[in-house]
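First the structure, in the form of structure tokens, and then the observations on it.
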Amino acid sequence: MRIVLITGISGSGKSVALNALEDAGYYCVDNLPPHVLPELARYLAQDGQRRLAVAIDARSSASLDEMPGLIRELSREHDVRVLFLNASTQALIQRFSETRRRHPLSGSLSHDADVGLLSSLEEAIERERELVAPLAEFGHQIDTSTLRANALRTWVKRFIEQKNNDLMVMFESFGFKRGVPLDADLMFDVRALPNPYYDHQLRPLTGLDQPVIAFLDALPIVHQMIDDIHAFLMKWLPHFRDDNRSYLTVAIGCTGGQHRSVFIAETLAARLAREANVIVRHRDAPVDVDASSRLVSEVDRP
């Protein structure tokens with residue numbers, strides 16, 4: 001059975017992810033107490049169910065300590081994948097404010113003063129981060145701070161499309177001026193490379209557009225940077241596998257996240273498609289949803 005566990009911070013999009021999995025044919029359960037999970041998996045497997053998705057959050061805090069052991073136990077018999085959703089505190093506060101929902105750990109929030117409300121909400125968010133932190137190492141982390149709901153649904157679809165449970169590598173382009181990704185395991189700064197932004201004809205384009213590709217592809221220093229990063233990854237990916245890592249996020253950053261980082265993330269993703277399951281995501285580039293997050297196959301390899 002394929003089991004997808006969705007966990008992370010409240011307000012980061014767990015309900016959106018669960019709905020996307022339900023649309024994909026998964027039997028979905030929200031806020032399941034962790035200790036019930038093995039029994040539920042056995043029952044559904046006997047009943048012929050082949051896909052199960054479960055959302056687990058800090059409301060199950062009394063049982064969260066059991067999760068690492070449960071994940072290992074379930075992985076002996078099932079294809080278990082863990083998706084850990086995260087977001088910046090600022091983004092979470094804005095979402096709770098817009099939806100007028102109360103954080104599940106907030107207790108009684110005072111509405112007498114905005115400062116008191118935000119302080120209580122911030123404390124609840126930080127407390128939840130502490131509670132679910134041990135689960136982050138088991139899952140593929142995704143920073144949803146800048147993701148719209150439809151983009152997250154597309155990303156979840158790509159996540160479940162990988163064909164096996166081998167190491168998944170996500171190349172994530174981003175712009176430093178919008179902050180570094182919360183989900184990065186490795187980060188490479190490519191701001192030292194020539195910037196297409198200063199060519200007025202290239203400025204409105206992205207690293208997915210042919211004129212920008214031609215501009216960067218013609219520069220030896222760009223290929224040197226790509227070759228060096230690729231060599232580093234090829235050397236160390238086997239060690240990540242030996243450490244039983246299932247997921248690795250490689251962030252590639254330039255100034256705005258539109259030209260250089262996009263081109264380099266795409267190029268590296270295509271090169272590594274034969275070595276691992278690869279997803280490429282463009283956090284800050286103004287591209288459509290399908291282009292912003294996609295699974296890379298060997299046919300994409302140049």
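A Cβ is built for glycine as well, from the same backbone N, Cα and C atoms used for every other residue.
In the three-state DSSP assignment, the secondary structure recorded for S15 (ATP binding site) is helix. Residues or ranges marked as ATP binding site by Swiss-Prot on the basis of sequence analysis: G8, I9, S10, G11, S12, G13, K14, S15.
Taking the Cβ of A58 (GTP binding site) as centre and 10 Å as the limit, one finds 21 other Cβ atoms among all the protein chains shown. For D57, A58, R59, S60, the entry in Swiss-Prot reads GTP binding site, with the evidence type sequence analysis.
D57 (GTP binding site) and I9 (ATP binding site) are 7 Å apart (CA-CA, integer value). Sequence-ordered, the extra residues of this chain that approach the ATP site, with Cβ no more than 8 Å from the Cβ center of G8, I9, S10, G11, S12, G13, K14, S15, are D57, L85, A87, T144. Among the binding-site residues G8, G11, G13, the residue whose Cβ has the fewest other Cβ atoms within 10 Å is G11.
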